[in-house]
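Participant: Supplied in structure tokens, the structure appears directly below.
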Amino acid sequence: MNGFSTEEDSRDGPPAQAAPFFGQTCCLIDGGERCPRPAGNASFSKRVQKSISQKKLKLDIDKSVRHLYICDFHKNYIQSVRNKRKRKTSDDGGDSPEHETDVPEVDLFQLQVNTLRRYKRYYKLQTRPGLNKAQLAETVSRHFRNIPVNEKETLAYFIYMVKSNRSRLDQKSESSKQLDA
């Protein structure tokens, strides 16, 4: 679905492509040198090749290799470049000067689906039912980037909580224990 084949997709191929883990290295040439990393289960499909050529990345396939598997590093690199370009062009036309500030990029795709759903529920984000993890992460990250934050107040509160060895979770569990007694 995202341009990378899974292990299940490759089971129908020839035996040389069926098992990417037996000593095979990444099939890509990065900046003129062959990538030495071990191959993962993501394959270098035509869609990925088209994406790389559109982004003008210095990646090419090694023609002497008999498989199309790429390492996890290059898989994540290609996905991140694709996602960054989408974000830059989709947010307010991409040329507004207010987006030029140095905002750290948070990868919410690393969170579990349940965590993303809890975030969506807490902030009452409107989405269509049945979103997959990637769509949910994109919706949440769009909202997350637009939340106004008073940095000074937030940092002061965080430092206070760290110094006092307390958190809201501790307070909730203590209050529930008091109710039980």
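Every residue gets a Cβ built from N, Cα and C, even glycine.
I grabbed these lines from Swiss-Prot:
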type	residues	note
DISULFID	C26-C27	disulfide bond
ZN_FING	26-74	zinc finger
DISULFID	C35-C71	disulfide bond
REGION	82-103	region 'Disordered'
MOTIF	83-88	motif 'Nuclear localization signal (NLS)'
Participant: Quick check on the disulfide-bonded residues C26, C27, C35, C71: which one has the highest count of other Cβ atoms within 10 Å of its Cβ?
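Facilitator: Within the set of disulfide-bonded residues, the most crowded position is C26.
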Participant: Can you tell me how far the Cα of C26 (disulfide bond) sits from the Cα of C71 (disulfide bond), in Å?
Facilitator: 5
Participant: Using DSSP and collapsing to three states, where does C27 (disulfide bond) fall: helix, strand or coil?
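Facilitator: Looking at the DSSP assignment, C27 (disulfide bond) belongs to neither helix nor strand, so coil.
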Participant: Over the zinc finger (26-74), what is the model's mean pLDDT?
Facilitator: 81
Participant: Could you round the CA separation between C35 (disulfide bond) and C27 (disulfide bond) to a whole angstrom and send it over?
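Facilitator: Each residue's Cα considered, C35 (disulfide bond) and C27 (disulfide bond) end up 7 Å apart.
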